[in-house]
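What follows is a set of notes on a single structure, which appears directly below.
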Amino acid sequence: MARYAAGAVDCPGSPKSVRIVVVGDKGTGKSSLIVAAATDSFPPNVPPVLPDYKLPIEFFPDGIPVTIVDTSSRPEDRDIVAEELKRADAVVLTYACDRPETLERLSEYWLPELRRLEVKIPIIVAGCKLDFRDDNNQVSLEQVMSPIMQQFREIETCIECSALKQLQAQEVFYYAQKTVLHPTGPLFDQDSQALKPRCVRALKRIFILCDHDRDGALSEAELNDFQVKCFHAPLQPSEIEGVKRVVQEKLPEGVNERGLTVTGFLFLHALFIEKGRLETTWTVLRKFGYNNDIRLAEELLPSAIFKRAPDQSFELTNAAIDFLKGMYMLFDDDQDNNLRPQEIEDLFSTAPESPWKEAPYEDAAEKTALGGLSFDAFLSMWSLMTLLEPARSVENLIYIGFPGDPSTAIRVTRRRRLDRKKQQCERKVFQCFVFGPNNAGKSALLNCFLGRSYTDNQESTTDERYAVNMVDESGAKKTLIMREIPEDGVQGLFSSKESLAACDIAVFVYDSSDESSWKRATQLLVEVANYGEATGYEVPCLMVSAKDDLDSSPISIQESTRMTQDMGIEPPVSISSKLGDFNNLFRKILTAAQHPHLSIPETEAGKSRKHYNRLINRSLMAVSIGAAAVVVGLAAYRVYATRKSSSA
């Protein structure tokens, strides 16, 4: 199980090339080191800065193209060096063994400078000119570098070399390349001396994929299948027994009567890494499609399936929904239609992290009394992620075990523009933009949509927020996504021509007891309607008269009714979040969204534009009819003339 397969670098996620940038003080031997490593000889004369040097593919056993970039030490070239560092995969930082001040400059200038530039890549420290070091100053490399490496954890390794004596010059770049192909950082925490969480999650997923009979242990046959997949050679029975014995001696629960448990599997990889055999763990990860970030490589998520027009969206397919239903039942241990937070964490334990722990997903769905998710809420969360981040949704479906082709997990909907023309919609997921002035009741509306109790101390939000839930409509459940747009976020929304393309319906909430709130909501309605007319992404709209439990402004009632009639949309829907009276609002929103040709407001500018277009069309029609009459007249005249000529 510890054999290394060089072919692993050909797997998805493997770096396809390595770019190494060499930096350090003037006169520390940067250029000489590069030439000595590349040509196996010492150069008597080298230019101040070498051109980029490409090593042959066969130079190192991994067969990865390596480019070495020399840099200038002149202060005026710092910007150029900084740009090269930002493009690098690894850094070789040099000092001269015969000049102690260049060693001091590593921690005084170079390493802090790399941090300032946010160069988050492996660093190899190379002590050059080893042959020039004073024989009376034979301090060990470990003694010199240990304090620096404790302070700067980004240093992967240190090595002393001599270009003149051809001593370890090539090894400097071999180690640099190795830190790119098999970095320690993503796998192992040096402080805690333990595997990092993301590495544990990836290895757990690999274990589950290899545990074909799902009995929680890798049998001898399953271990051999794993070995052949990763290392192209089976294990001998004695080797399998040796692996089990090593694990059992250190971790008894790592082996049971059925084979190697997941705990034992993780222990083995921690052991490989502690012994410096990172290539073993990286080979396994690469074979299962992981990149250096311990995420699935982009090649495994074909970008073609995520192409769409701005007014199209993505939804889960029936195959994905059936799979998610099965996963929900599997992790809902007591089958009480309540997936508890820990059960959700267990579900995503084979993903790099739980995708729902941060905005916009955190608190976006209705919770049960125990803080969990019902199946409807669980599926709603997946629908929200599929609409907002389809690639992330598919990626997480793969992490939790979706068995089919990723392209069968989601489907692209018909264009909304075409829905309006056909006057019908086949969508199952609808997005509603919620506009309104501050303190109008938008946040309270979203909270109540999620079944949460009303509170008088509801704080206004300055950030966009999502709420998602299922709504029953004519005996069928549809998913409604409410997107709250803060008042000061409206202009930012309009910075993109396609900002309304993803909107199925817009609602405008105002405080019915505050005349200024109604006026501002009306302004927002006109702004959105104007923008929709100008960009071609017109959307159905509804006005929502909130806080109906308070005394309504008489002017607001009269004017809002007149205004909605003038614009050709439904009268405002009165609601009270405090009293829990929503007047079937969410069903009305869904109904309007499913009839995209109705409830579209017309502004005065829009009416004028349509009137103008009708006049133009009539004029063109008149011209066409007149032209047709002329053509018919000419044809009749020619027939008449021909007959007259014949009779003569």
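Each residue, glycine too, has its Cβ placed from N, Cα and C.
Now, the feature entries from Swiss-Prot:
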BINDING   Asp211, Asp213, Asp215, Glu222  Ca(2+) 1 binding site
BINDING   Asp332, Asp334, Asp336, Asn338, Glu343  Ca(2+) 2 binding site
DOMAIN    15-182  domain 'Miro 1'
DOMAIN    198-233  domain 'EF-hand 1'
DOMAIN    319-354  domain 'EF-hand 2'
DOMAIN    427-595  domain 'Miro 2'
MOD_RES   Ser14  phosphoserine
TOPO_DOM  1-619  topological domain 'Cytoplasmic'
TOPO_DOM  641-648  topological domain 'Mitochondrial intermembrane'
TRANSMEM  620-640  transmembrane segment
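Feature annotations (Swiss-Prot) mapped to structure.
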| residue | record | Cβ contacts under 8 Å, 6 or more apart |
| --- | --- | --- |
| Asp211 | Ca(2+) 1 binding site | Ala217, Leu218, Glu222 |
| Asp213 | Ca(2+) 1 binding site | Ser219, Glu222 |
| Asp215 | Ca(2+) 1 binding site | Arg258 |
| Asp332 | Ca(2+) 2 binding site | Asn338, Leu339, Glu343 |
| Asp334 | Ca(2+) 2 binding site | none |
| Asp336 | Ca(2+) 2 binding site | none |
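Residue counts of the domain 'EF-hand 1' (198-233) by helix, strand and coil are 25 helix, 2 strand, 9 coil (DSSP-based).
Cβ neighbour density within 10 Å is lowest for Asn338 among the recorded positions Ser14, Asn338. The Cβ neighbour count for Glu343 (Ca(2+) 2 binding site), using a 10 Å radius over every protein chain in view, is 17. Per DSSP, the domain 'EF-hand 2' (319-354) is made up of 20 helix, 1 strand, 15 coil. A 10 Å cutoff on Cβ-Cβ distances gives Glu222 (Ca(2+) 1 binding site) a total of 19 other Cβ atoms nearby, all chains included. Averaged across the topological domain 'Cytoplasmic' (1-619), the predicted model reaches a pLDDT of 91. Panel annotation: around the domain 'EF-hand 1' (198-233), residues 1, 3-5, 7-8, 186-188, 240, 243, 256, 258-262, 265-266, 269, 281, 283-285, 287-288, 290, 294, 349-353, 399, 401 of the same chain, lying at least six beyond its termini, place a Cβ under 8 Å from a Cβ of the stretch. Sitting within 8 Å of the Cβ centre of Asp211, Asp213, Asp215, Glu222, and not among those site residues for Ca(2+) 1, are the Cβ atoms of Cys210, His212, Arg214, Gly216, Ala217, Leu218, Ser219, Arg258, Gly259.
Taking the mean position of the Cβ atoms of Asp332, Asp334, Asp336, Asn338, Glu343 as the Ca(2+) 2 site, the remaining same-chain residues with a Cβ inside 8 Å of that point are Asp333, Gln335, Asn337, Leu339, Arg340, Gly372.
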